[in-house]
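Here the structure is laid out as structure tokens; the discussion comes afterwards.
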Amino acid sequence: MSLKCLLLFQLILLSWTHNQGKSVKLSKKQAHHKHHKSQKFLDSIMDVNEDSIELLLQKHENFYLAEMTVGQPEQKLTVLIDTGSPNLLLTSSLCQQNSCIQHGSYNPSLSTTSYYIEAIKLANGEVGNEIDIQFASGSVVGVFFEDRVCLNQYCVNNQFIVGIVEQTEDIFSQMKFDGILGLGRIKEAVVKNASYIHNLEYDTDTRNFSLYLSNRDDDDMSSELVLGGISQHLIAPGEEFKFFDVTSDNLWTVNIKAVFLGDERIDDCNNCQGLIDSGTSFISFPVYAMEKFYQKFGVYQLCSNIDSFPDLTFILDRGIKFTLTGSQYFKRNTHALFSKDICIPYIKNNPIIGDELIVLGQPFLIHHYVWFDEDQSKIGIVKSKQQSHQS
């Protein structure tokens, strides 16, 4: 079991035929923006590509979601966009637990294009007809199908699906969506050719994409997933992408040389790995780093002091810095026991991740636009344009 499988769902659980020059509407507004595609990595050059596919994502609480259809006739489901896993994982009608029934589910018996896979060679070399995935706060058991999967009119036939047949009740009953569309690295997939990004390559000649997460729900700054390119208008004025080597064959990780809270260094490793994970609602540090954080702040602060909070700075390769202000890594929360608002950090400790992994979840992604390049094994990061209110 990979490290990602242990991380995924501690906080939340939970392709299509390319049509040139068209956008996909998944939320309130159809978008028509010029996109750029990375042809060469000379650390700043991105060439124009008018054939990219843009998806506007829905924001629900801390989840970034897309609507998809599965099978024929079509079954509508809502999936979480997750850069930390590569598989399409759906609640299935074969699961009769309360935590499954209260969600939308994929019913293979109602689809004329569904195919049940009785046995398949898994990525670990074993042959099996189901998979048991253990998470920090629970587990799921899934079986395997292939079926037609579409986001709007863009479809992939025979997409590999992990259909959930059993899951931990108390954890997964709280989730607000029906499955996960994994956009993680291809080698981490359950089986060869299971990754949505891998299947996308055959239709768009690319396995690359960019992701922008907005912290607001209006039409002007919707969250976007762009397949095969970027949306230039989402980049903060005067900023340019900085590109970094992906350090893992299995995960979207980059080297983190140091982490500072104000002037104090809070990491103890010379070469930490930063996992870019849109499926995690927090930034997760090893336990020792969180001890230093809590020594500074405790478990909450009064929001009236937020302007005095020190910056949280991540130093990557070549000394390139990415910084979050106090208002960007704290969440405002009204508590019945206090007459004033309190601010709670968007930061958690996670003893399972070890001493050298830092999970850069949504608080980081909300303020940075990220390019994921499977072909060149690169990640591009740039400060994003956020016309934000503080949440």
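A Cβ is built for glycine as well, from the same backbone N, Cα and C atoms used for every other residue.
Residues or ranges marked as active site by TrEMBL: Asp82 (among others). Around the Cβ of Asp82 (active site), 25 further Cβ atoms fall within 10 Å across all displayed protein chains.
Residues or ranges marked as active site in TrEMBL: Asp277 (among others).
Summarising the annotation, TrEMBL assigns disulfide bond to Cys95-Cys100 (among others).
Long-range Cβ proximity for Cys343 (disulfide bond), meaning a same-chain Cβ under 8 A and a gap of 6 or more residues, is found for Tyr300, Gln301, Leu302, Cys303, Ile306, Phe330, Lys331, Arg332, Asn333. Per TrEMBL, disulfide bond is recorded for Cys303-Cys343 (among others).
For 64-382, the entry in TrEMBL reads domain 'Peptidase A1'.
The annotation signal peptide is assigned in TrEMBL to 1-21.
Separation of the C-alpha atoms of Cys95 (disulfide bond) and Asp277 (active site): 27 Å, rounded to the nearest whole number. Per-residue pLDDT, averaged along the domain 'Peptidase A1' (64-382), amounts to 85 for this model.
Neighbour count (other Cβ atoms within 10 Å of the Cβ, all protein chains): 27 for Asp277 (active site).
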